[in-house]
């Protein structure tokens, strides 16, 4: 099936099969599809609604084309990642949570990009923190193995995605490519916390991850519209564990955290995001820092739990709070910045 035939199917509201979608995705990754065709595909799938088979097939092909890092032998290897597109411009919760999860004894291989629809993507924030992302594959692997936390800058690993970059930028809508980012970690990760931009995606994304061989996954979307676990509202969760998917709703009070509004947690840019995160992870916090710390604990707890460090989510949230208030997460951030600086200097010598 060529992309024109696929578009014809999609306009009739017909889902593509996995083999059909794999063929279309390969044509995009090999530079055979025009930008107009890619843009039309993005819009058509968005209007129709991406099926589980379409997402699974596209993710499988994208993984096939990825430049990989093999750290799959590491125990407790996890990624915490969001689709973006919640439009609320909160501080970068998942990136802050990464340092807490790593300080808890899990290993983070975080797959991220610059902000597409938000003001602070993970890469924007990390660069502000002095963490170098322009590392080669061996250096990134060293960060993961030696520091317990490494960041996989998506364009370095998914070079074939350059063909979709123009349409994504020009259309400015969330699309199947926003969904694929969290599904295509190039480090062989099988444990994930994935935030999605609609609660209707929670179960389907869990189903996709099951087909892709994941072991333990929490797919989350909060009732106030966040692609993460919210401090201000219940969060819908689809959890894949031991091959089974269960759906449940989480209230912060369920794990001993008082619900609060998100006032004060919105940031203008990566600089403001970093300032708030450093406040939240420090031992002496402002009132807004305390609130941000609670938000981080809810999300870091999910990562600690799916990584297999604790048996329950509630235990993991309590552990995350201990780490945040003990200052270990902030220390992990500064140590990683220093380590990447050393790697870059040795590269230059």
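Cβ coordinates are placed from backbone N, Cα and C, and glycine is handled just like the others.
For reference, Swiss-Prot has these:
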| type | residues | note |
| --- | --- | --- |
| BINDING | 82, 85-86, 92-95, 110-118, 122 | 5-phospho-alpha-D-ribose 1-diphosphate binding site |
| BINDING | 82, 113 | anthranilate 1 binding site |
| BINDING | 94, 228 | Mg(2+) 1 binding site |
| BINDING | 168 | anthranilate 2 binding site |
| BINDING | 227, 228 | Mg(2+) 2 binding site |
Quiz prompt | Secondary structure of residue 92 (5-phospho-alpha-D-ribose 1-diphosphate binding site) (DSSP, helix/strand/coil) | solution = coil
Practice problem: Indicate whether residue 113 (anthranilate 1 binding site) is helix, strand or coil by DSSP. | Solution: coil
Quiz prompt | residue 92 (5-phospho-alpha-D-ribose 1-diphosphate binding site) versus residue 113 (anthranilate 1 binding site) - Cα distance in angstrom | solution = 12
Quiz item: Distance between residue 168 (anthranilate 2 binding site) and residue 92 (5-phospho-alpha-D-ribose 1-diphosphate binding site) at the Cα atoms, whole Å?
Solution: 22
Quiz prompt | Neighbour count (Cβ, 10 Å) for residue 94 (Mg(2+) 1 binding site) | solution = 27
